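Shown next, in structure tokens, is the structure this report addresses.
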């Protein structure tokens, strides 16, 4: 029997963007072809997709690292690099995605539902895209951005119409195996069921699903027994059924005290989803009580004795059954279907889910410069850190281009205001370098274009009119000599 895993930590790494290409067009009779380096391809993203054929998170338990392919590098002749393919990861229906802080990022319900877990990095620009009027032939290109890396927690919350709750060895697994084709493990010791068991039940021409939740004990909401590991599986159930063992010989236990103890644990449990929007609050779900094991004479007497008290105290329908003798099962099945159908009809129609984009406001032009306490400075900001990550520091021209961009952003002016001196250490992102101002303090910054092809600036080239005038002058001189 495959292991049931309903909570895992996944390390998702999106693909990096491809590097841009620094290339010059070469063709016969075109000495000044200009830059033609293509851009790098976008990195692949990690996408979770709901697959109804997947029922557990077992694959992530053994393979927690998910890595998407990176984009390809750009090439000459204005050829852009190929984008990395998105990695689609199949997850079961009912998976909840949480971030490192425990905040819910997505609640994946319904076949085909998608969620981008980690975004791929953007490709670097080639020198053709970097060319401008002031920089006609850049000798460098930008590196691709790093893909997003995230540590996510996946929780599986069983999607079922009816949830069976009760003390250990109350007969929940036996009931599921009797009214459906499910074959859970059944034994005569507590906590035999270590994972929820799903079964499909037929009520005439109608069907509904039943989930057998592992046994609960007082203190489960605080982690006792199997605790919170399986309480979350009742969050999506439309109907909750208390399965009570009327044949138990444990002192201090009776059907009413068992129901009250379990209701206290359910009330103390705080759902992660704060109630499914299509089902309402957990405390408002309809309930039923099943008095089990009436094939035992003493259990039948107890069930007959407490049935009226249970109905009066809680106001829920009560059923007496025996899974061994298969007694009382048919009325229970049709009654559960009526409860499920009535509850579905009473709920408002589910609004079709529409993609909602909630962009996080980011001021990319903002940056801050703070002293590091050792005579250096640390520059923080979205743009400066991204620019540094995209710079090839082995290329002097690329470093100069980075300096121009930082100066335009105002980083150099801010360093001068804080008293930075030439040669002091400046840290941006993961890079620390010795800072040298482009101009002395107090002098306006005049930026010069970098990457200019000197051949384009030549003024001694002879034009057609000049050659024509030279030929005319030579003919006149030849005629004069004759």
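Note that Cβ sites are derived from N, Cα and C of the backbone, with glycine treated the same way.
These come from Swiss-Prot:
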{"type": "BINDING", "residues": "166-173, 191-195, 212-215, 292-295, 322-324", "note": "GTP binding site"}
{"type": "BINDING", "residues": "173, 193", "note": "Mg(2+) binding site"}
{"type": "COMPBIAS", "residues": "452-468", "note": "compositional bias 'Basic and acidic residues'"}
{"type": "DOMAIN", "residues": "2-159", "note": "domain 'Obg'"}
{"type": "DOMAIN", "residues": "160-341", "note": "domain 'OBG-type G'"}
{"type": "DOMAIN", "residues": "359-437", "note": "domain 'OCT'"}
{"type": "REGION", "residues": "450-482", "note": "region 'Disordered'"}
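Taken residue by residue, the domain 'OCT' (359-437) breaks down under DSSP into 29 helix, 18 strand, 32 coil. In the three-state DSSP scheme, residue 172 (GTP binding site) falls into the helix class.
Cβ neighbour count for residue 214 (GTP binding site): 24 (other Cβ atoms within 10 Å of its Cβ, all protein chains included).
A count of other CB atoms within 10 A of each Cβ picks out 172 as the most crowded of the binding-site residues 172, 293. Around the Cβ of residue 173 (Mg(2+) binding site), 25 further Cβ atoms fall within 10 Å across all displayed protein chains. Across the fold, the C-alpha of residue 214 (GTP binding site) and the C-alpha of residue 173 (Mg(2+) binding site) stand 9 Å from each other. The average pLDDT computed for the domain 'OCT' (359-437) is 87. Reduced to three states, the DSSP call for residue 322 (GTP binding site) is strand.
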